[in-house]
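Q: TrEMBL feature annotations, pasted as is:
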type	residues	note
DOMAIN	1-105	domain 'Thioredoxin'
SITE	ASP24	site 'Deprotonates C-terminal active site Cys'
ACT_SITE	CYS30	active site, nucleophile
DISULFID	CYS30-CYS33	disulfide bond
SITE	GLY31	site 'Contributes to redox potential value'
SITE	PRO32	site 'Contributes to redox potential value'
ACT_SITE	CYS33	active site, nucleophile
Amino acid sequence: MGEKNLTEKNFAEVIAGEKPVLVDFWAPWCGPCQMMTPIVKEVAKETKGVVVGKVNIDENPKLAEKYNVMSVPTFLMFKKGKVVDQIVEAVSKETLIAVIKKHLDK
């Protein structure tokens with residue numbers, strides 16, 4: 001499955017679903033976010049049983065504020081609408097996959 005573009009309109013519905021959701025909070029002006037883009041795309045394609053979403057914080061500032069996103073990239077892992085994990089930095093593909101797998105079996 002590919003990445004899903006999340007906005008203030010569809011965010012609540014997506015994170016409340018049955019599948020866990022990894023959300024990448026990013027901004028177009030953020031260098032590390034640009035480096036993460038191909039990694040996030042690969043993770044979205046290769047990982048089954050999870051939704052991978054992206055939130056542009058410039059276009060969706062209320063979401064960034066609601067989840068206290070102070071720097072980007074920030075990755076939040078949601079299960080049934082609740083944050084269950086957080087990463088605040090650019091990380092490896094393996095790290096993202098490990099976070100996802102940690103929450104797939106619970």
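Yeah, the Cβs are placed from backbone N, Cα and C, and that goes for glycine too.
Give me the local environment of each listed feature.
A: According to its DSSP assignment, ASP24 (site 'Deprotonates C-terminal active site Cys') is in a strand.
Take the CB of CYS30 (active site, nucleophile) and look out to 10 A: across all protein chains shown you find 17 other CB atoms.
Under the three-state DSSP scheme, CYS33 (disulfide bond) falls in the helix class. Within 10 Å of the C-beta of CYS33 (disulfide bond) there are 21 other C-beta atoms, taking all protein chains into account.
Its own atom aside, the Cβ of PRO32 (site 'Contributes to redox potential value') has 13 Cβ atoms within 10 angstroms in the protein chains shown.
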Q: Taking Cα-Cα distance, which of the recorded positions CYS30, GLY31, PRO32, CYS33 are within 10 Å of ASP24 (site 'Deprotonates C-terminal active site Cys')?
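A: Of everything listed, what lies within 10 Å of ASP24 (site 'Deprotonates C-terminal active site Cys') (Cα to Cα) is CYS33.
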Q: Given a 10 Å Cβ-Cβ cut-off, pick out the one of the recorded sites ASP24, GLY31 that has the most other Cβ atoms nearby.
A: ASP24
Q: Give me the DSSP three-state residue breakdown of the domain 'Thioredoxin' (1-105), ordered helix, strand, coil.
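A: So the domain 'Thioredoxin' (1-105) is made up of 39 helix, 26 strand, 40 coil.
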Q: As a test of reading the model: what is the averaged pLDDT for the domain 'Thioredoxin' (1-105)?
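A: 95, rounded to a whole number.
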